[in-house]
Amino acid sequence: MVIDIKYFRDAKLLEILRASERRRCVDTAPVDRVIAIDDKWRRAQHAYEQAKKNLNDISKQVAACVKNKQTDIATTLGGLKLEIDQVKQTVATLEQELKTIAEMRQQSLRHVGNIVDESVPATADEECNEVLRTFVPQEPEWYKKHPDENAKVNEHGILTPGFSILSHADLLEKIGGVDLKVGGTVAGHRGYYLKGRACQLSMALIQYGMNFLIDRGYEAILPPYFMRKDIMAACAELADFEETLYCIPQIKENEDNSLFLIATSEQPICALHINDVCSAKTLPRLYAGVSTCFRREAGAHGKDLKGIFRIHQFQKVEQLVVTTAQESQSMHEKMIEISQDFYKSLGLPYRVVCIVAGALNKAAAKKYDLEAWFPEYKGFRELVSCSNCTDFQARDLNARYFTTDTSQRTHVHMLNGTLVAIQRCLCCILENYQTPNGIVVPSPLVPYMNGVDFIPFVA
């Protein structure tokens, strides 16, 4: 994933890039490194083209010598042949040098972020994430089915039960929905078995989530769960290889063909468009991806140790949109609206925030998070991330489109957004739909639960 090299070659664009990096609150030294390497590449490119021109000129001399039947043709051709061999060697050397410098430039480009949208707050302080919208159900479904005379409205306007609220981790145990002990023995740290009604509820969320997107024009897609390293590098950030991705070593005869487990279906669905050229008339392309996701969570040591809120293996239904540069901003708004409608339908209180520039990953020009209310936590926690990556991913993938009035090919814009991270949403439902005796099943999920609308405590 890289930004367009033009931002390093044009003075006005370079200032835009530097300003964007400053808004991300990062050092601009990587920008200077790219400029230096690109300058070296351009000089090498000039030398390479000049050497090829010299080779072409000598070849023309040989042709002219033969055509004119010079008297000393043998001597002349011998000298020219020697010169051709020397120039060919120079061309080959310069070609290899050019390739090496290009690879260095590509690696350096990966340390520079996408151009941040002007509407994004320019700070690294996540306390400054801008709250854009909130949703609070007027009469929660749990309250309708199990009235609580001691319930009170909290400072966020959310009706909170009068009884002692349990955490999602405790609630999973009380419905007999998880086995963390054996899960840890079998799969290691953060391993788990999801069982019984909790498993059913998870499957219901997957089916409901997929149908929710399909009904809105999305194409269902089940992608590969592992990817080649070179393809993954086009869809993931450098830091992901150190902190997030699981590697499956595949080394044979000194050749590294290692594979990487996907951290999100966004990655293989983006790769679906590698080297693709499509008509603008076929855009946008809307994908509803469903997959198991695998994350090392190397930077999350000590966080969320209880329950299944933060785990190494989980299921997710994802929105992935491929569109034109002109439509990407409006598609971004549409995608977060779809996620909002999904959580409204489940009756979960939430807020939508615009993430500050300093907390954006390198690919995102702008990102919205949808944070849902967790009663026992007494706060909002992220359930959805929705990012506009513009052409940042498409550039490495060489995914482009053309219009009917021009032959020019332009890189597509790619956007991604969680619809539902199954285990996290399950945790949220458990906390928000708890009663003293069990869990109310949100009405949209009941048809996917074989009619079960209440899960009693068994422990």
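Cβ atoms here come from the backbone N, Cα and C positions, even for glycine.
In TrEMBL, the L-serine site is described by Thr264, Arg295, Glu318, and among Asn211, Asn388, Asn398, Asn416 the residue recorded at this site is Asn416. Between the binding-site residues Leu383, Val384, the minimum number of other C-beta atoms within 10 Å of a residue's C-beta occurs at Leu383.
Residues Thr264, Arg295, Glu318, Asn416 are listed as the L-serine binders, and the farthest two of them sit 18 Å apart at their Cα atoms. Close to Ser385 (ATP binding site) in the fold, though at least 6 residues off in sequence, lie Lys367, Tyr368, Asp369, Gly417, Thr418, each with a CB less than 8 Å from its CB.
Close to Thr264 (L-serine binding site) in the fold, though at least 6 residues off in sequence, lie Ser291, Cys293, Lys316, Glu318, Asn416, each with a CB less than 8 Å from its CB. A Cα-Cα distance of 16 Å separates Glu382 (ATP binding site) from Arg295 (L-serine binding site). Each of the binding-site residues Glu297, Glu318, Glu382 was ranked by the number of other C-beta atoms within 10 Å, and first place falls to Glu318. With all protein chains in the displayed structure included, the most crowded Cβ environment within 10 Å among the binding-site residues Arg295, Arg296 is that of Arg295. Taking the mean position of the Cβ atoms of Thr264, Arg295, Glu318, Asn416 as the L-serine site, the remaining residues of that chain whose Cβ falls within 8 Å of it are Ile262, Ala263, Ser265, Glu266, Gln267, Cys293, Lys316, Thr418.
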